[in-house]
Amino acid sequence: QDAGNHTLLSEFILSGLSSHPELQHLLFFTICFIYSMTLIGNLLICMATAHPTLHTPMYFFLRVLSFLDISTASVVVPKMLVNILSEDRSISYLGCVTQLYCVVSLASTEWYLLAAMAYDRYVAVCRPLRYPAIMSTRACLSMVLLSCCSGQVVSVLQTAWVFTLSFCGPRRINYFFCDIPPLVLLACADTSRYERQLISATVLVIFTPFCLILLSYTCIISSILRISSAESRHKTFSTCSSHLTVVTLYCASGTLIYLQPKSSNSQEAKKVLALIYTTVIPTLNPLIYSLRNKEVKEVLIRGMAMLMKK
């Protein structure tokens, strides 16, 4: 019977962010504004870091990060906006599979990319004389490609495992997009083995890169403390603090979402964390990096000045 119900299931219903009708229009315009800022901010970062004066590994990784942020938000937000104003909040079985695959793939890739960015900062601060040789164009491309491939592998395995579960209960997903924790709640079979596997995957995807990032920044801070000039220490730390801020935001939200996949009591809290993870952080990244980076700000100001003259 489980298998039959699993086979016949053709769609899910997304409950959305809130069930209060009076909040729907406010949510729509708020999220629409945030999504617009995500697109504008990250596109500006992509254009600014493509400037000839910013052709360095750090800005190359930042450009890739902005592309991933745009992609993550675009996988989740448009469908969420449609559902806020629509009475039909259904998503097809294939659509749910595709959305989950894309979200997990992009999120995993971003984590490995953040580890690559931390390694780049480590080489720049701790091995400055060897920096051009170590962080060559080929090395940077290889790191990005490895991050993408790792993200794809994680996503294929996680998506395949989730959708081998039998969904014989209600088809309503108490979430605003197809994600692992709310889908696991719909399964009618024992998911304890899968939950253990998910915790292992979370450790692999989040904590392994986080440990590498932590190790990189331990070495970086040690090197910064040995710099005699206070101005040089401040300049070096400021280039790393932006990245640390982003890592902290991702780690906190991602860990709280995926370490307890079948905790129904915390679903509302997980919705908020998922909203931060998929919508708010992609908006904050351009602000964090551009406002704290003098070179990016100068390129953006020069570009805006040229547009105003035209």
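Just so you know, glycine gets a Cβ as well, placed from its N, Cα and C.
Note that this is a predicted model, so its numbers are computed, not measured.
Summarising the annotation, TrEMBL assigns transmembrane segment to 26-48 (among others).
The domain 'G-protein coupled receptors family 1 profile' feature in TrEMBL is assigned to 41-289.
Below 8 angstroms of C-beta separation, residues 31, 35, 38-39, 42-43, 45-46, 49-50, 99, 102-103, 106-107, 109-110, 113-114, 116-117, 120, 140, 143-144, 176-177, 278-279, 281-283, 285-286, 289 of the same chain, each at least six residues beyond the ends of the transmembrane segment (60-78), sit close to that stretch. What TrEMBL lists as transmembrane segment is 60-78 (among others).
Look at TrEMBL and you will find 98-119 (among others) tagged as transmembrane segment.
The feature transmembrane segment is assigned by TrEMBL to 140-163 (among others).
Under the heading transmembrane segment, TrEMBL lists 199-225 (among others). If you look at the transmembrane segment (199-225), the same-chain residues 6 or more away from its ends with a CB under 8 A from one of its CBs are 107-108, 111-112, 114-115, 118-119, 121-122, 125-126, 154, 157-158, 233, 236-237, 240, 244, 247, 250-251, 254-255, 258-259.
Residues or ranges marked as transmembrane segment in TrEMBL: 237-260 (among others).
The transmembrane segment annotation in TrEMBL covers 272-291 (among others).
If you average pLDDT over the domain 'G-protein coupled receptors family 1 profile' (41-289) in this model, you get 85.
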